[in-house]
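Taken straight from Swiss-Prot:
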type    : residues       : note
MOD_RES : 1              : N-acetylmethionine
MOD_RES : 2              : N-acetylalanine
BINDING : 42, 45, 80, 83 : Zn(2+) 1 binding site
BINDING : 53, 56, 68, 82 : Zn(2+) 2 binding site
ZN_FING : 53-98          : zinc finger
BINDING : 75, 77, 94, 97 : Zn(2+) 3 binding site
């Protein structure tokens, strides 16, 4: 439970010197988050980047969301790790900007 908060009154008022204007009894904070990427979909399989890739969807019995991670390149493009790995078997470039692919990070 949050502690009571003292609130200063404006210096020009004389109403109730020393009294609190209000007291916070309870505060329920809410926070939201989002990935810091512009594109929400994997450009290779077209699924949402936070959903399973098409390979994991086909093998849903054995796949978990922990296994289907996101991979970022130094170009800041993001793909499912399985999708970009399959792509890199034939071409060593980013599918979106054609620059040489280099992993920046991967994982959730």
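Here the Cβ of each residue, glycine as well, is placed from N, Cα and C on the backbone.
Within the same chain, residues at least six positions away from residue 68 (Zn(2+) 2 binding site) with a Cβ under 8 Å of its Cβ are 52, 53, 56, 80, 81, 82. In the structure as shown, the Cβ atom of residue 42 (Zn(2+) 1 binding site) sits within 10 Å of 25 other Cβ atoms. In this view, the densest Cβ surroundings among the binding-site residues 77, 80, 82 belong to 80, judged by other Cβ atoms lying within 10 Å. Separation of the C-alpha atoms of residue 83 (Zn(2+) 1 binding site) and residue 94 (Zn(2+) 3 binding site): 12 Å, rounded to the nearest whole number. Applying an 8 A CB threshold to same-chain residues 6+ apart, the list for residue 45 (Zn(2+) 1 binding site) reads 53, 54, 55, 80, 83.
Residue 42 (Zn(2+) 1 binding site) is 9 Å away from residue 77 (Zn(2+) 3 binding site) when you measure Cα to Cα.
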